[in-house]
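So the structure is just underneath, and the comments pick up after that.
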Amino acid sequence: MAIQTSNLGYPRIGLQREWKKTLEAFWSNKINEEQFLTTMKEIRLQHVKVQQEKGIELIPIGDFTYYDHVLDTAYMLGFIPSRFSEFTSYLDVYFAMARGSKDHVASEMTKWFNTNYHYIVPEYEEGLQISLKDNRPLRLYEEAKQELGVDGKPVILGPYTFLKLAKGYTQEQFATILKQLVAPYVQLLSELHAAGAQIIQVDEPIFASLTKEEVQQAKEIYEAIRKEVPNATLLLQTYFDSVEENYEEIITFPVSSIGLDFVHGKEGNLNAVSKYGFPADKTLAVGCIDGRNIWRADLDEVLTLFTTLQKQVQTKDLIVQPSCSLLHTPIDKTEETHLSTELFDALAFANQKLEELVLIHSALTQGTESISNELETYRNVHHTIRSSAARNREDVKAARTALKEEDFSRPLPFEKRYELQQVALKLPLLPTTTIGSFPQTTEVRQTRKEWRNGIISNEQYEQFIEKETEKWIRYQEEIGLDVLVHGEFERTDMVEYFGERLAGFSFTKNGWVQSYGSRCVKPPVIYGDVAFINGMTIKETVYAQSLTEKVVKGMLTGPVTILNWSFVRNDIPRKEVSYQIALALRHEIELLESSGIRVIQVDEPALREGMPLKEKDWDAYITWAVQSFLLATSSVANETQIHTHMCYSNFEDIVDAIRALDADVISIETSRSHGEFIDTLKHTTYEKGIGLGVYDIHSPRVPSKDEMYKIVEQSLQVCDPKYFWINPDCGLKTRRTEEVIPALEHMVQAAKDARSLLKTNA
């Protein structure tokens, strides 16, 4: 049996974020197109070289991109919306689709399955000419071969996943458009095969959540492609979950190899292999190293997995690979020497994961004795962090054990609470507020940097934050907002800020991952038991409240969002980590309330995106996610108003969960898809406080009062005015002051006009 090492995809951003810097330099005209292309080629080839040096045999080619791999596929297949027709050059069209321009709205962006990466949504239009516009995978395959002598493994997004992720067609059109994709995919694969590609990876992550009818439809497309390209060696790659429900059919697809995720879909895929075996004439590609987290693998567990598989399958060959692309992990841990030894040793970023694949390959081909020293090291590392004081806090254990049913619910139902809150807060009909943050100007960022570098003292920094807070409290009063915020000038990031103030978190210096386009994030590492230390938001919020007679909201990030936007320890269930965060936040909320703060917002923008891919697994996730929010927020008095904020994503999927959160008011980011959301509310009632974003904060445009009034008017057709709030769709941190003030003035005027109309019609 031949066994090879393979990688599914490598991080794009560069060890020092060279990729990001090159992109942004090009966008700001600091480098020209030739310099941009030359630098990008250097980065791309360097990534191939690293994987070659690490000992990976099947090196992915074509996973590199200038923005997003789904956008690459859309451009390649001619899915270019007509509004971009005036652009002529490849890069102009490509980046206009990704980012928009002064006169062109960008294509929509959304989360890549249940990860924290975002892709550009392909758009189908009537009359679209689907064809192979550009065989980019072929160019990159030939480049690696000529420049480095690497016979790589081209990686392409499969036709079924691509079209399922696209928008702009009706369900009735889907089958017809899918058939139109056969010809360009045939041409793409034929040209790759003719150029010498030994194996071509076709990614179909959507296969983890298809119906039986959809799998059959996908199979017919692959049969049509295979008929035209009979000799190409295709690896059908699935990831992010198991394909258990459709495994029996998927293993009959006309492909040479099938890749399965034995990390996030381990139980389901093992069950399926045990029940149905695996075809002897196909290669099984085993996703055995977690491509979505940063922890060293348990090599003993991985080798046990292979022992199990080798007993159950008769396949001629095996491939050892990560569970998914390493796009979701930082590149290399070597710079993280500031971390404690026990934590540093327990980490494995992308380059370390490649080394783990090679170790497993050695054990499988030469016996475990060939890596006996490494196995012993790994066992010691796991034992050290498992038994560390950080992971075994008695106070955290005791708090969890002491939880009772009443800790997860408010004393009174919403209607009665809301009445008490109206009396206590004295807010008008259709109250106005913002989501939390105000512009983080160059001065704000520079002052924070000087403070962190020790150039200015704590006292000087605090005085600066107070000055900014007072300035924006006055702005809000002048604008006429009803519920104010302190502005969050002390915060760099809504998760990092809290992680820095809670026990159990650590932070990397260079642990960057791509979020979307050139935007990179550095997720906190939850490595130990999470616990409250000291007040995190009290000082700034209480100071802001002291400046005004109006109500000031406390602002916190919710437990599920902190969890979903961090790298999370993998030795206990995510539910338990979420409860630990919730208990810490509960303490903070109680402190805010006892300090006189009567409205407290606990944001959960990432609640939906943490949901499992399979609908059958949703209930279990939603149950503990909702319980986490309730645990954090349920100890306050009935008169204290709890708000939450969410980013809109398939509201219908989670409307029951949103109700169960029992927040007094929810604000939802809907400005880009307001019509869809209004339609949803026509047949899905929501009977609690709700604010639908009345303008898009992601655009520098200042919308008119009339535009916002129209949205309020539409919203009031499906929302009870008694419970309706008026707000922007998200925080205003990234906007400029000269954009924010007029936009909020228009919003307040729209609210006043709406109140007048309601009074007239009463």
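Each position is counted from 1, following the chain as shown.
Note: Cβ is positioned from N, Cα and C throughout, glycine not excepted.
Per Swiss-Prot, the feature 5-methyltetrahydropteroyltri-L-glutamate binding site maps to Arg17, Glu18, Trp19, Lys20, Lys111, Arg519, Cys520, Trp565, Glu609. Within 10 Å of the C-beta of Arg17 (5-methyltetrahydropteroyltri-L-glutamate binding site) we count 17 further C-beta atoms, all protein chains included.
Non-local neighbourhood of Ile435 (L-methionine binding site): Val485, Gln601, Asp603, His645, Ser667, Asn727, Pro728, Asp729, Cys730, Gly731, Leu732, each in the same chain, at least six residues away, with C-beta under 8 Å from its C-beta. Marked as L-methionine binding site by Swiss-Prot: Ile435, Gly436, Ser437, Glu488, Asp603.
Counting every protein chain shown, the Cβ of Gly436 (L-methionine binding site) has 26 other Cβ atoms within 10 Å. Per Swiss-Prot, L-homocysteine binding site is recorded for Ile435, Gly436, Ser437, Glu488, Asp603.
Residues or ranges marked as Zn(2+) binding site in Swiss-Prot: His645, Cys647, Glu669, Cys730. In sequence order, Pro605, Ala606, Arg608, Ile668, Glu669, Cys730 are the residues near Cys647 (Zn(2+) binding site), counting only same-chain partners six or more apart with C-beta under 8 A.
DSSP classifies His698 (active site, proton donor) as coil under the three-state reduction. As annotated by Swiss-Prot, active site, proton donor applies to His698.
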Exercise for the section: Inside 10 Å of the Cβ of Ser437 (L-methionine binding site), count up the other Cβ atoms and send me the figure. Expected result: 21
Handout entry: Residue with minimal Cβ packing [other Cβ atoms within 10 Å] among the binding-site residues Cys520, Cys730
Key = Cys520
Fill in the blank from the handout: Of the binding-site residues listed (Glu609, Glu669), the greatest number of other CB atoms within 10 A surrounds the CB of Glu669
Practice task
Could you state the whole-number distance in Å separating the C-alpha atoms of Cys520 (5-methyltetrahydropteroyltri-L-glutamate binding site) and His698 (active site, proton donor)?
Solution key: 17
Completion exercise
Other C-beta atoms within 10 angstroms of the C-beta of His645 (Zn(2+) binding site) total 27
Practice task
Express in Å, rounded to the nearest integer, the largest CA to CA distance found among the 5-methyltetrahydropteroyltri-L-glutamate-binding residues Arg17, Glu18, Trp19, Lys20, Lys111, Arg519, Cys520, Trp565, Glu609 named in the record.
Solution key: 29
Problem - Asp603 (L-methionine binding site) CB neighbourhood, other CB atoms within 10 A - result: 23
Exercise for the section: Give the sequence-ordered list of residues that share a chain with Glu488 (L-methionine binding site), lie 6 or more positions from it, and have CB atoms under 8 Å from its CB. Expected result: Gly436, Ser437, Phe438, Met555, Gly731, Lys733
